[in-house]
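Feature annotations, reproduced from Swiss-Prot:
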| type | residues | note |
| --- | --- | --- |
| MOD_RES | SER2 | phosphoserine |
| MOD_RES | SER2 | N-acetylserine |
| MOD_RES | CYS65 | cysteine methyl ester |
| LIPID | CYS65 | S-geranylgeranyl cysteine |
Amino acid sequence: MSGSSSVAAMKKVVQQLRLEAGLNRVKVSQAAADLKQFCLQNAQHDPLLTGVSSSTNPFRPQKVCSFL
């Protein structure tokens, strides 16, 4: 039983390796440059960099309403 399961496992490994061999690869330097350019282009829309206005912040402390 272990022989047939070993063959099946190896077939899965070969299939995965064939899939990975067919992928297009990008150099790390090119990927880093693209990521940096994307970050710089979209920095004005990033709430972690620009902050969130208090009127649109759903996590702001709620105001207490009290009736006299």
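Our numbering is plain: 1 for the first residue shown, then up by one each step along the chain.
Glycine too: its Cβ is placed from the backbone N, Cα and C atoms.
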How many other Cβ atoms sit within 10 Å of the Cβ of the residue listed as 'cysteine methyl ester'? 5
Going by DSSP, is CYS65 (cysteine methyl ester) part of a helix, a strand, or coil? coil
Taking only the Cα atoms, work out how far SER2 (phosphoserine) lies from the residue listed as 'cysteine methyl ester', in Å, as a whole number. 70
According to DSSP, collapsed to three classes, what secondary structure does SER2 (phosphoserine) have? helix
I'd like the number of other C-beta atoms within 10 A of the C-beta of SER2 (phosphoserine), please. 6
